[in-house]
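All remarks here apply to the structure that follows.
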Amino acid sequence: MLKFYKPYSSSTFSSTHSTSFFNYSFLIFQTQSLSFSSSSSSSSSHSSPPTPDHVSHLILDQKTATQALETFRWASSFPKFAHTQSTYRALIHKLCIFRRFDTVKQLLDEMPHSIGSPPSDDIFITIVRGLARARMIRSVIKVLDLVYKFRDTPSLKIFNAILDVLVKEDIDIAREFYRKSMMANGVEGDDYTFGILMKGLCLTNRIAEGFKLLQLIKSRGVTPNTVVYNTLLHSLCKNGKVGRARSLMNEMEEPNDVTFNILISAYCKEENLVQAIVMLEKCFALGYVPDVISVTKVVEVLCNAGRVTEAAEVLDKVESMGGSLDVVAYNTLIKGFCGEGKVKVGVHFLKQMESKGFLPNVDTYNILISGFCEARMLDLALNLFNDMKTDGVKWNFITFDTLIRGLCSKGRIEDGFSILELMEESKEGSRGHISPYNSIIYGLFKQNRFDEAAEFLTKMGKMFPRAVERSLKILEHCKEGTIEDAKRVYDQMIDEGGTPSIIVFDCLVRGFSGEGCVREAVELMNEMIANNCFPVPSTFNAIITGFCAQGKVESALKFMEDITARGCEPNAETYSPFIDVLCRKGDLQKALQLFLEMVEKGIQPDHFIWNSLLLSLSQENYFKSKNIFNIDDLL
C-alpha cells in the first residue's frame, strides 16, 4: 500500500483561526466582491457564501499546507457552502506539494460522506503527479490500491497517468506495469497509452523494440496514430537513420506538419539539400507549412550552398501560405546574401523585414556590418553602426569587435581607435575579450608601424597581464633563437584560452621557417588564419623562403597559390626566393616566367631578383645564344 503518515485530527482545525490568517482571507475574499467579518470566528451569519471556484483559488494561493487546510475548513463554516470535487482537488494538489500524503488519504476517505461522491479521476491523477514530483516513483503504482477502495476498476485515464510517470523514470518499470497491471486485467490501452510507451522506448534509443510495439499495435487491428509514428521517426532521425525514417513515413496514412518538420530538419542536419527540398515541396503540396525552425534550417542550408535566391523564395512561399516567420529566419537569409557579397540585397531584406513587422535586432545589424566590412564598404558599415543608436538597438561586443576588425584590416586604423574608445566607454566594454585590441595591433602591423604595434601591445598589459606577459616571453625567445621555448610558451598561452596577436604569430612563423621547420610554420599560419588574422607578406614570405631553402619549389608555388586565393597579396620579396632558387638550379626558363608574371601584376622587382637573373643569364651566355627578350625593355 501507499505509505501515508499520521492523519490530522479534527481538533487541529478548530473554529477559532488566527487573526492574521482571517485578515488575509478577508482581503482576498473582499476583492472578489464577497463580504464577511474578519473579527468574528464564526461565519454562520454570512448571507453570501463563497463559490467553490473562489475557495479553490484561495487554497491554491496559500503559502503553506497548514494555511491551505485552514482555508478549506474556513469555507466549510458557511452554512450554504458545500465543498466539491474541485475544492478537494485544489487542497490535495497543495498538500502533495508539501508531501502531506497522510492528510491526503484522510481527505479521500471523507469525500463520499462530505460531498456524496467518491474521488474523481482528476483527483487520483493529481496524487499521481504529486508523488512523481516527490520522486516517490514506486508509490505511484500503489495509487491503484487507493482507487480500488472506491471503485471496481481504475479508469484508463488513471492507468495512463501512472504509465506516463513511470516511462519518464524507467521504461522497464513502465513496461512491467503495462503487462502486469493493465494487460493482465484486460486493459489494452488506447492511442495515448501506445504513445506513452513509444516515447519511453525512443527516449532510451530502443528503436528495435519501438518497431515491435508498432507491429503489436497493428496486429490488434488498430492503426497507429500520427503521434506514435512521429515519435519513432524522430528517434530514427536523431540516430542518423534518416533513410529508414523516410521509408516509415511512407507507411503513414496521415503525416502532419510535425512529420515534415522532423524529416526536413534531419535532412538539413545531414546537409542533404536535395532531399530537404523534396520534403519541403511535398509538405507544401499537402497544404502543410513547416514551423519557423525547420524553415530557417532550409534557408541556412540553401545559403551555405550559395542558393540565396531560392532561400528568399522559400520565405515568400511560407508567408504566402500563412506560415510564421521571425527575425532569426530573416537574419539567416541576410547572412546568406552578405556571404555572397550582396550586402545591399541584405539591406533590402532588412527593410522588407521591418515593413512586415519584424523588428531587426542587434544580430541583424552585426551581420550587415560584417558584410559591409568584408565588401570594403567601410563608410556604409559605419553608417549602419550609427543607425543602430538612432533605431534604439544597443551595440554589443560583437558589434564593436566586428567593426574594429573590419576597419583595421582595411587600413582605417584611426577609425578603429575611435570605435575602440566608444567600446571602452560603453557598458558592454571588451567583456574580457582581447580580440578588438589584437585587431588594432594587426592594423598597425599591416601598415609597417611595428614600433607602434609593439608599444600598444605593452600598454595592453594592464587589461590583459597574462596574455601580454606570455607574448613578450615568446618574442624574447624568438629573438634569442630558442624557438622551441617560444613554442612551449605559445602552447601554454593557447591552453589558457589566450589569443595571440599578429606580432606573436609573425615572430613564431619566421622563427620556425628560419630553423627549417616549415611544416610547423605552416601549421601556425593556419592557426593564425583560424583566428581571423590573415598573414601579412613578412609572414608568408618567410614560409616561401623556407620551402625554397630546402629546394621544395613546387611546395612553395602551391603555398603561394593558396595564400593568393585567400586574398593575400604577394610582393617582390615573395618572388625573390623563387627566382633565386630556380636560377641556382639552372631552370632559367621557369624563373623568367615567374619574373614576367610578377611584372604583369605590377610588382616592381628588387635588386636581389635582378642580380639572380643577370648572374644566371651571364653564366649561361643567354645574351648571345638566345633572343628571349630585350633587357632594355624590361628596364
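The backbone N, Cα and C atoms fix where each Cβ goes, and this holds for glycine too.
For the repeat 'PPR' (190-224), same-chain residues at least 6 beyond its ends with a Cβ under 8 Å from one of its own Cβ atoms are 156, 159-160, 163-164, 167-168, 171, 174-175, 178, 182, 231-232, 234-236, 239, 241, 253. Annotation source TrEMBL lists repeat 'PPR' at 190-224 (among others).
Per TrEMBL, repeat 'PPR' is recorded for 225-259 (among others). Taking H, G and I as helix, E and B as strand and the rest as coil, DSSP gives the repeat 'PPR' (225-259) the counts 24 helix, 0 strand, 11 coil.
Annotation source TrEMBL lists repeat 'PPR' at 326-360 (among others). Taken together, the residues of the repeat 'PPR' (326-360) have an average pLDDT of 95.
Summarising the annotation, TrEMBL assigns repeat 'PPR' to 361-395 (among others).
In terms of DSSP helix, strand and coil, the repeat 'PPR' (396-426) has 26 helix, 0 strand, 5 coil. Under the heading repeat 'PPR', TrEMBL lists 396-426 (among others).
For the repeat 'PPR' (501-535), the list of distant contacts is 405, 409, 435, 437-438, 441-442, 445, 453-454, 457, 471, 474-475, 478, 481, 483, 486-487, 490, 542-543, 545-547, 549-550, 552, 559, 563, 566-568: same-chain residues at least six beyond its ends, Cβ to Cβ under 8 Å. Annotated repeat 'PPR' per TrEMBL: 501-535 (among others), in sequence order.
Beyond the repeat 'PPR' (536-570), the same-chain residues lying 6 or more positions past its ends with a Cβ under 8 Å from any Cβ of the stretch are 445-446, 502, 505-506, 509-510, 512-514, 516-518, 521-522, 525, 528-529, 577-578, 580-582, 585, 601, 603. Taken from TrEMBL, the feature repeat 'PPR' covers 536-570 (among others).
The feature repeat 'PPR' is assigned by TrEMBL to 571-605 (among others).
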Remote residues contacting the repeat 'PPR' (396-426) - C-beta distance under 8 A, at least 6 residues beyond either end: 362, 365-366, 369-370, 372-374, 376, 378, 381-382, 385, 388, 433, 435-437, 439-440, 442-444, 446-447, 449, 532, 534
Same-chain residues at least 6 beyond the ends of the repeat 'PPR' (225-259) whose Cβ lies under 8 Å from its Cβ atoms: 191, 194-195, 198-199, 202, 205, 207, 210-211, 214, 217, 265-267, 269-270, 272, 275, 283, 286, 288-291
Three-state composition of the repeat 'PPR' (571-605), taking helix and strand from DSSP: 27 helix, 0 strand, 8 coil
